[in-house]
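Visitor: Structure in structure tokens, see below.
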Amino acid sequence: MNNNTSIIILAAGLGTRMKSKRPKVLFELCGEPMIIHILKQAYAITNDVSVVLHYEKELISKKIKEIFPQTKIFEQDLANFPGTAGAIKGVNLSGEKVLVTCGDMPLVRSTDLMRLANAEADVVMSSFEAANPFGYGRVIIKNGKVEAIVEQKDASEAQLAIKSVNAGCYCFKREALEQILPLINNQNAQKEYYLTDAIKIANEKGLKCVAVNVNEQNFMGINDKFQLSIAEKIMQDEIKQNLMKAGVLMRMPESIFIDSRAKFEGECVLEENVSILGECVITESIIKSSSVIESSVIKNSDIGPLAHIRPNSEISDTHIGNFVEVKKGVLNGVKAGHLSYLGDCEIESGTNIGCGTITCNYDGKAKYKTKIGKNVFVGSDTQLVAPVNIADNVIIAAGSTITKDVESGALAISRGRQENKSGFFEKFFGKDDVKK
């Protein structure tokens, strides 16, 4: 970790091209807001991280503080100091070096940032060789030093042929930035203070400016929802490739979605169209086709197909079949084969849950818990009206509605007694409808 470096993340923009009331940096990639992705990379190299906000400052700040409470938050004075350099004017600079990056670059890695921080120069900028440089500021390099960044509209024919372009991240020696920042003005068409002007000013003051060549994909900026989808696919591909190399078997991996916070242990199998959402931990388990797992722990179990495990469930040594939904359930050694809702429940080993079983956990005002002991047989089409406790070694007859606790060893049955009325079909429909 480099504690001599401060990192400033710029996240004050409106993000109008996202066409949403939601702040751009709170749009999620692989389950987490893009600002959180870049903060994770920043904190991998330093403890001194600041974020500059403006639009929806409180909302973004709240999300940041939930995960990184030590982050310093500053608000940009957009009325008086718009632009990328204007954002930095309100930040208390610290650290021997100041690294500036953007909150809408969620694919940037800590190794990329370290390369900028470790380069020996007064001003370090990031650049990449663009296959199609149209629209980018061209980086003019002479004798290994950056002389200028020339915008597309201002570039000569010779400069337009240059493929080295500005990637948008910078690292300054603090003393150099303190010299340069007051000299950046807003004498341009947009009347904004641009950090790109720092290169020209640094050269005028005889400071050393260099460029570090970076991976274009890692420095991709997100400006609209199409670019968001591209970035998410890049991140998904990387997550899945790493997991498969670590031993996770995936059927049709291109159809699978995995949250960036999910963890896998041992040998696991994910079939097609599976979604793993939130902070899941999955150990030695099979997740079958079209199942959704949310923020739960799955161990030594097979889930699905077409099952839904909702948040805060803990499932071990258990079979969950098709069209079974579990919410806040703790299941250990259980079989629930099909068509059941198991919410707010604890079910112990050896218990079989019949088709169509429902734990009725909500009375319209509050949620209640169902507890089922060991070696219980729950017949099909059973409703368990919580709060209710089922002891060990119990049989619950099919079609029962259980509203009271059941003691160990008992048969619980709650349904009308069957009565067969001979000849009723003919009496009801008539002789002509009786088929021989």
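If you go along the chain as it appears here, the first residue is 1 and each next one adds 1.
From the backbone N, Cα and C atoms, a Cβ is placed for every residue, glycine too.
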Visitor: Out of ALA336, ALA398, which does Swiss-Prot tie to the same acetyl-CoA site as ASN361, TYR362, SER380, ARG415?
Guide: ALA398
Visitor: Checking distant contacts: for the region 'Linker' (226-246), what same-chain residues at least six beyond its ends satisfy Cβ-Cβ under 8 A?
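Guide: Distal contacts: 18, 27, 29-30, 34, 106-107, 217, 220, 253, 256-258, 260, 264.
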Visitor: Could you put numbers on the helix, strand and coil content of the region 'Linker' (226-246), residue by residue per DSSP?
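Guide: For the region 'Linker' (226-246), the helix, strand and coil counts are 20 helix, 0 strand, 1 coil.
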Visitor: Restricting the comparison to the binding-site residues LEU10, LYS24, GLY83, ASP104, ASN166, which residue's C-alpha is spatially nearest the C-alpha of ALA398 (acetyl-CoA binding site)?
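Guide: With Cα distances computed to ALA398 (acetyl-CoA binding site), the winner among LEU10, LYS24, GLY83, ASP104, ASN166 is LYS24.
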Visitor: Which whole number of Å gives the largest C-alpha distance between any two of ASN361, TYR362, SER380, ALA398, ARG415, the residues noted as binding acetyl-CoA?
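Guide: That value is 22 Å for the farthest Cα pair.
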